[in-house]
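Positions annotated as FAD binding site by TrEMBL: S57, R80, H81, R82, E89, N177, A178, R179, H183. The dUMP binding site annotation in TrEMBL covers E77, F78, M79, R80, E89, E90, S91, G92, R93, R161, R188. The active site, involved in ionization of N3 of dUMP, leading to its activation annotation in TrEMBL covers R188.
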Amino acid sequence: MEFRSDMTVHLIKHAAEDADVVFAARVSTQGGMSRYNESSKGDAGLINFLMRDRHGSPFEHANFTFYIEAPIFVVREFMRHRAGWSYNEESGRYKELAPVFYKPADGRPLRQVGKPGAYKYVAGDYKQKVTIKGDIERISTEAYTTYKRLLDMDVAREVARMVLPVNLYTSFYATCNARSLMHFLSLRTHDESSTFPSFPQREIEMVAEKMEDYLHYYMPETWRAFQRNGRVAP
């Protein structure tokens, strides 16, 4: 049995740089094939203009493929994002699932205070922290022991997996373009400077933060324009 409190995000491949955006945008004004490798001082300004005025299609020409490991309850939220995304996930029908489970880190807020739409999360007390840790470990262990017992009885994997909880880790590939990634980031990260602040569950935000690091690294001008314009996807 393994218990984790982290998320895995690896960039598998990419065709993503600021030049992709500029190249795609300039066909509107220059026609034909603009010179892809020819950059200019105006590129950053063009990217900012596209972001500010919501000309989004040029950002769709930059692509990322990620490998992600996260608990099932995070992945179910993640896959609500459909436009501009493609997914393939490991299947409990075709393979035996590994005994890797999520449990919150010690600093993870545990209590929800306030009414729907106007609440915040605060730290739990000592009893809550001990109970959460103990119950998650106990129930996860019992569930996986039952899962293995069912498999040993030759119960089909697609049936045996029904006893497993949603804190079980799964893995998947996610392919997106820069526009769909920014839309994801606008909803799945919390930033007070956002035009429309979002309040995501912390666990999916952990995934989003790692993905944003890649956007920042490979498309720095695009990321700066995203930040400068209120973190609103074009």
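Placed from the backbone N, Cα and C atoms, the Cβ positions cover glycine too.
Unlike curated records, TrEMBL annotations are generated automatically.
Mapped onto three states, the DSSP output places A178 (FAD binding site) in helix. With respect to R188 (dUMP binding site), the closest of these binding-site residues in Cα terms is H81, chosen from S57, H81, E89, A178.
Rounded to a whole number, the distance between the Cα atoms of H81 (FAD binding site) and S91 (dUMP binding site) is 20 Å. Among the binding-site residues S57, H81, A178, H183, the residue whose Cα lies closest in space to that of R93 (dUMP binding site) is H81.
Counting only same-chain residues six or more apart in sequence, the Cβ atoms lying under 8 angstroms from the Cβ of E89 (FAD binding site) belong to V75, T170, S171, F172, Y173. Of the candidate binding-site residues, S57, A178, H183, the one lying closest to E77 (dUMP binding site) when CA atoms are compared is H183.
Less than 8 angstroms from the CB of M79 (dUMP binding site) sit W85, Y87, each of them six or more residues away in the same chain.
The binding residues for dUMP are recorded as E77, F78, M79, R80, E89, E90, S91, G92, R93, R161, R188; their greatest pairwise CA distance is 29 Å. Around H81 (FAD binding site), the same-chain residues at least 6 positions away in sequence with a Cβ under 8 Å from its Cβ are S180, H183, F184. The maximum pairwise C-alpha distance among S57, R80, H81, R82, E89, N177, A178, R179, H183, the residues recorded as binding FAD, is 28 Å.
Taking all protein chains in view, 17 other C-beta atoms sit within 10 angstroms of the C-beta of E77 (dUMP binding site). DSSP assigns M79 (dUMP binding site) to coil, not to a helix or a strand.
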